[in-house]
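The next block holds one structure in the form of structure tokens; read it before the comments.
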Amino acid sequence: MFGHLKYFIENLSDRINDIAKIVVIGLVAVLTSIVLLQVIFRYILNIGLPWVDELSRYLNIWVAFLGASVGLKYGDHVGVSFFVNLLPEKLSEAFKLFTDIIIFIFLCVVIYYAYDYIITSRSVTPTMQISFKLPKSAIFAGTSIMVVHILNFIFNDLSLLFNNKVETKTDVRAG
């Protein structure tokens, strides 16, 4: 029904998700390494590294938002599907479409304010002296990826609702 656009969004969602997973793994590896380094320096060498706490905080923010986008892709977020599953099939699919549209609108609002939050940021971090725009941009990046995934879900919902089938491999949500 939606042809090329649906196929494009699905492939974009898959590729972005693959990249996000690799980035999250890399960030967690760096985070683990610097915290271990801090433990070694602090408790064995009696020297504290002042930048580790700040960097680990910002890496955690990036991991949280990128990880949330990966979780959304796989349907790993908390949801109550019990009542939706009690509905007739078409009504259940319509409800999924409705909730995906609400989530899409919410994410677009978050992106708008995240962009404004980044643009108006003029300060630098206390220890590392980097622009606060870098840690704040995690909100924008993670939420933008979530929008792509939700668009993919919306196309899948529409296909189910109007075609009685989904020509996709990525709608893994419960229900």
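Backbone N, Cα and C atoms are what each Cβ position is placed from, and that goes for glycine too.
The domain 'Tripartite ATP-independent periplasmic transporters DctQ component' feature in TrEMBL is assigned to 32-158. Look at TrEMBL and you will find 20-45, 57-74, 94-115, 136-155 tagged as transmembrane segment.
The helix, strand and coil residue counts that DSSP assigns across the domain 'Tripartite ATP-independent periplasmic transporters DctQ component' (32-158) are 98 helix, 2 strand, 27 coil. Mean pLDDT across the domain 'Tripartite ATP-independent periplasmic transporters DctQ component' (32-158) comes to 93 in this model.
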